[in-house]
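Student: Pulled from TrEMBL, these are the listed features:
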type	residues	note
DOMAIN	46-487	domain 'Major facilitator superfamily (MFS) profile'
TRANSMEM	120-138	transmembrane segment
TRANSMEM	150-173	transmembrane segment
TRANSMEM	208-226	transmembrane segment
TRANSMEM	238-258	transmembrane segment
TRANSMEM	316-336	transmembrane segment
TRANSMEM	348-370	transmembrane segment
TRANSMEM	377-397	transmembrane segment
TRANSMEM	409-428	transmembrane segment
TRANSMEM	440-457	transmembrane segment
TRANSMEM	463-483	transmembrane segment
Amino acid sequence: MADSSPLLSPFLLAEPENSAVDEPQASLDSVVERVIGDFGWTQLVQSTLVLLSRFFDAQQTFISVYADSEPAWHCINNGMCNSSANICDLSRSSWAWNGHTYKTIISDWDLECASSFIKGLPASSFFLGCLLGGFVLGTLADTSLGRKNLLTLSCLTMSIASLMTIFSTNVWIYSAFRFLSGFGRAAIGATALVLATEKVGSKWRGQMGTIAGISFALGLLSLPVIAYINRNSSWRTIYVWTSIPSILYCVLVHLLVLESPRWLFLQGRKEAGMAILKRLGPASLNLCLPYISLKKEAPKTNLYSPIKILLVRKWALQRLLIVMLTGFGIGIVYYSMPLAVGNLGFNIYLSVAFNALAEIPSYIIFSFIVSKWSRKGSLLAFTTLGGICSIMCIMNWKEVVLIGLELVSYFSACTAFIMLMIYTLELFPTCVRNGSSSMVRQAPVFGAVFSPILISAGRSNKVLSYGVFGLVILCSSVFVFCLPETRGVALSDTMDEQEEKEQLAM
């Protein structure tokens, strides 16, 4: 019978036993591309299930927009009350909250006259937890824990901490649970994206970013729906509605999601990696283990080996610093726009919905340009557009024009953010890919820590908010010119292999 698949002939089980000595061994990357280069139903289900974690990630990231908001109030004694006055200058008996007092934490715990630090403490605690969690948990996926287990652990930690939040009796306990939730949430985005991209061919990596972005946007869009349905209930109800489905999702991930075959091979678990390749590839394909090997074996690693490797290699450290600096600028705009839009006097439910809807087209457009535009050019184009539109928001133009500029700026930041993550995946080899991606994801979060301060300052002078947002994202993206182009380049598995490929490309 004639050989109908010459490209895959080295991997057929029918090869004689001693041919392992004579036949050249294929690299892991070449095998992965040949086996799962075409996108099948198994890969679609696996990728969608993994990236659904971004849906719950978005809910917990922006849930404070409703749970921590300051509700409207009204006068009950017109002789002692003026609705335009500062609420803290009025007698407590002269006014009342609209609706139930337990609607948000502000009304529930009488925080209306607390300092800005106290009011912003829960949100700041969440992002601080994200920062710490990113550095602590990020490397676990590259070492002994793996992609799947870390995704399950992170999502479960975030969900349980969110559910436990309903038992908070004051802002301090509440902030502690928000910190823990952020700590768990930190590794979800990078781990999910790495796990999804390592189970598809190179031409489908960009589509994984699109699915991840749409999943996050839908999660953000679900928040105003949940909040509106429960607008007359306690803020605790929103946490119940978002945490329980997330816990059930973690069970599905544990039962149904497959581990990354690339990671399994790097850990020396070649039989397990082969089994997953068989499940992801065509049903008619039989692979033979002896013919698959790494060009260079990855060294045995401990918990923080990926960080040490990144710091020792000069080119890796330079790349890491550049993408983290770019991520910081993108994060300033990405997180600030949804949080600041409420200051424009919009309905709190519609304002978040508009921002969520602005994300969806950004990822749809991204899916079209990711295979056609260069990584560097795309990133520079969208950061520049976002920065210019943000700066233009300081002008005293009509409100509808300013809102349009703000949405364009947010749209650009969304597209730049997912492009940066795809770019990061391609800049680093498998042995440090998840660790580097997790560290890069913390750069936008670090930018988000400053967002509440800038937003507060911008209420009296928009230059201090929108002007600063634009300048930061423009300046931070300049160094992208120093990075190599990676579109269409095969992924490497070890640092030595990455260096060899780039030397040959010169």
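Here the Cβ of each residue, glycine as well, is placed from N, Cα and C on the backbone.
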Student: Between the stretches 150-173, 348-370, 377-397, 440-457, which one has more Cβ pairs under 8 Å with the transmembrane segment (409-428) than any other?
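Tutor: The stretch with the most close Cβ contacts to the transmembrane segment (409-428) is 377-397.
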Student: Would you say the transmembrane segment (208-226) and the transmembrane segment (150-173) are touching, if the rule is that at least three C-beta pairs must lie under 8 angstroms and be 6 or more residues apart?
Tutor: no
Student: Of the listed stretches 120-138, 208-226, 348-370, 377-397, 463-483, which one has the most C-beta pairs under 8 A with the transmembrane segment (440-457)?
Tutor: 120-138
Student: Against which stretches of its own chain does the transmembrane segment (463-483) lie, if we need a Cβ under 8 Å and a gap of at least six residues from its ends?
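Tutor: Distant contacts of the transmembrane segment (463-483): 318-319, 322-323, 325-326, 328-330, 332-333, 336-337, 340, 375-376, 379-380, 383-384, 386-394, 406, 409, 413, 416, 423, 427, 447, 454-455, 457.
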Student: In the same chain, which residue numbers or ranges, 6 or more beyond the ends of the transmembrane segment (208-226), come under 8 angstroms Cβ to Cβ?
Tutor: 47-48, 51-59, 62-63, 65-66, 189, 192-193, 196-197, 200, 238, 241-242, 338, 348-350, 352-353, 355-357, 359-360, 362-364, 366-367, 370, 414, 418-419, 421-422
Student: Across the domain 'Major facilitator superfamily (MFS) profile' (46-487), what does the mean pLDDT come to, as a whole number?
Tutor: 83
